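Pulled from Swiss-Prot, these are the features on record:
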DISULFID  Cys26-Cys72  disulfide bond
DISULFID  Cys71-Cys80  disulfide bond
DISULFID  Cys93-Cys108  disulfide bond
DISULFID  Cys107-Cys118  disulfide bond
DISULFID  Cys186-Cys195  disulfide bond
DISULFID  Cys218-Cys264  disulfide bond
DISULFID  Cys263-Cys271  disulfide bond
DISULFID  Cys336-Cys381  disulfide bond
DISULFID  Cys380-Cys389  disulfide bond
DISULFID  Cys459-Cys471  disulfide bond
DISULFID  Cys499-Cys510  disulfide bond
DISULFID  Cys537-Cys582  disulfide bond
DOMAIN    19-205  domain 'Albumin 1'
DOMAIN    206-398  domain 'Albumin 2'
DOMAIN    402-600  domain 'Albumin 3'
CARBOHYD  Asn501  N-linked glycosylation site
SIGNAL    1-14  signal peptide
Amino acid sequence: MQWLSVCSLLVLLSVLSRSQAQNQICTIFTEAKEDGFKSLILVGLAQNLPDSTLGDLVPLIAEALAMGVKCCSDTPPEDCERDVADLFQSAVCSSETLVEKNDLKMCCEKTAAERTHCFVDHKAKIPRDLSLKAELPAADQCEDFKKDHKAFVGRFIFKFSKSNPMLPPHVVLAIAKGYGEVLTTCCGEAEAQTCFDTKKATFQHAVMKRVAELRSLCIVHKKYGDRVVKAKKLVQYSQKMPQASFQEMGGMVDKIVATVAPCCSGDMVTCMKERKTLVDEVCADESVLSRAAGLSACCKEDAVHRGSCVEAMKPDPKPDGLSEHYDIHADIAAVCQTFTKTPDVAMGKLVYEISVRHPESSQQVILRFAKEAEQALLQCCDMEDHAECVKTALAGSDIDKKITDETDYYKKMCAAEAAVSDDSFEKSMMVYYTRIMPQASFDQLHMVSETVHDVLHACCKDEQGHFVLPCAEEKLTDAIDATCDDYDPSSINPHIAHCCNQSYSMRRHCILAIQPDTEFTPPELDASSFHMGPELCTKDSKDLLLSGKKLLYGVVRHKTTITEDHLKTISTKYHTMKEKCCAAEDQAACFTEEAPKLVSESAELVKV
């Protein structure tokens, strides 16, 4: 029974507060209810034992459920009160089969903190796979789903948890819930496959977005530390809950930041403990709940889904009497007094006051202004005439204008995206990014151009444009964070390396300021650089787009300052060749003859 009690404790105690009494399995068993209880256990097991089968885990989960009942009895077993991490690791290490099957021998030779670190590190090395591969057509999935809904969702949780061992359990369960909702909707439709294909694509995008946000936060924490994470979260939640005071928001954000390090390290026991403490304390504050409608609604969710609800909630209405604009100069004496004694408190108050007034702003715009304001306060607050000094220092910096200018920029990008086909816009992004970093591989630039297109396509759907700025800049910044972390920026070029090492809020602006790289020495532009044959006659739009992007990549790398007119000429010649050869009786022979001509003509154009 020790192993089974550990299975329960692994995840169930992981959502408990240290300040609560012992034997809290009973509390969570009651809060999460039976299905939530079993789901949490399944996530914890699958993430830590990726080479075990679902069949290996099912009987353990069933007995762990029985253990949960026993922990609610009048005489709970002693294992209900033992340390969860040590229990879990000891139980795993005592099973030779589990150790061998999951390659944990090295970890089990360690003890205490070293063993915990080894288990976390072992989990971190498991390959991630965010795709939601459909092994069966919609009709078969629907049949299985209708036959046994719980078993179907359980299989999804198992597979997704194994493929994503670093995702917090509450995120995995939110994703599983969403996938179940897709099937619930589509399995009642006459055209289930069409419905499934459409909704699955949307759902997959939402999954990628959520995971990108989590990963970006971890990257920011690793590179910039708690201070920047706290600033980001202060903006985010002040925008969502403008009715909360600065003091209330500050306390909440401190607790949020405390969860980041353990959650990003893969230490899900501590992660979920901290998250549970955070959500319980926030949801117990009746004063805040009475003023924050969105938070109040989320706190009515079950224990498993409350945290995800809070992260996804929309901004509440602003409080009555809140001025439209925040004027730092109106109370500069008090600002400087606070800044001199506790600069972080003063900067936090500034960020809060701007954020509650501007839910339409991105975090980055507010943080860019805050950085300028901080420099002004550093320069001026010790001076006798600090008020005039701050006015002079911030003369060219207006937060409202910054928000308007950035919003207008993205609206123009949206107009450009709407004016052309999806393929044309993605190709234009390929050209733009190849100009500034021709050293990058095709795969890298293909991903970047695809990401920019996907971000704008999603964010530009806000017809009024009220929230296009936070949507687009947040997602593009997440993409920059991932790119700078995935690749060695110095291997691309010094300009990209410089931007990746800029302050968090300035990275995107820095990249936009990069000019075409004229120092890059390109490879020879010849027919061997491109493979253009009968495969271009496919009707698969993705393959055609890929081929067109490869041609543009090769040409622009050869001359990063090539004109748009010359690119249009090459593109026209490419389509003419494609139409001619796809209509030819012997397509291969036609491409063999025409493709080298196109490359040769393109080479001549880039010399101009």
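In case you wondered, yes, glycine gets a Cβ from its N, Cα and C as well.
Cys264 (disulfide bond) has a Cβ environment of 20 other Cβ atoms inside 10 Å. Here the disulfide-bonded residues are Cys218, Cys336, Cys510; the one with the fewest Cβ atoms within 10 Å of its Cβ is Cys510. Counting only same-chain residues six or more apart in sequence, the Cβ atoms lying under 8 angstroms from the Cβ of Cys537 (disulfide bond) belong to Lys578, Cys581, Cys582, Gln587. Counted within 10 Å of its Cβ, the other Cβ atoms near Cys582 (disulfide bond) come to 14, all protein chains included. In this structure, the disulfide-bonded residues Cys72, Cys80, Cys195 were compared by how many other Cβ atoms lie within 10 Å of their Cβ, and the smallest count belongs to Cys72. Of the listed disulfide-bonded residues, namely Cys26, Cys263, Cys271, Cys459, the sparsest CB environment within 10 A is found at Cys26. When the Cα atoms are compared, Cys195 (disulfide bond) and Cys459 (disulfide bond) turn out to be 23 Å apart. When Cβ atoms from all protein chains are considered, those within 10 Å of Cys381 (disulfide bond) total 20, not counting its own. In the predicted model, the domain 'Albumin 1' (19-205) shows an average pLDDT of 82. Sequence-distant neighbours of Cys471 (disulfide bond): residues of the same chain at least 6 apart with a C-beta under 8 Å from its C-beta are Ala458, Cys459, Asp462. The shortest Cα-Cα distance from Cys108 (disulfide bond) to any of the recorded positions (Cys26, Cys389, Asn501) is found for Cys26. Counted within 10 Å of its Cβ, the other Cβ atoms near Asn501 (N-linked glycosylation site) come to 13, all protein chains included.
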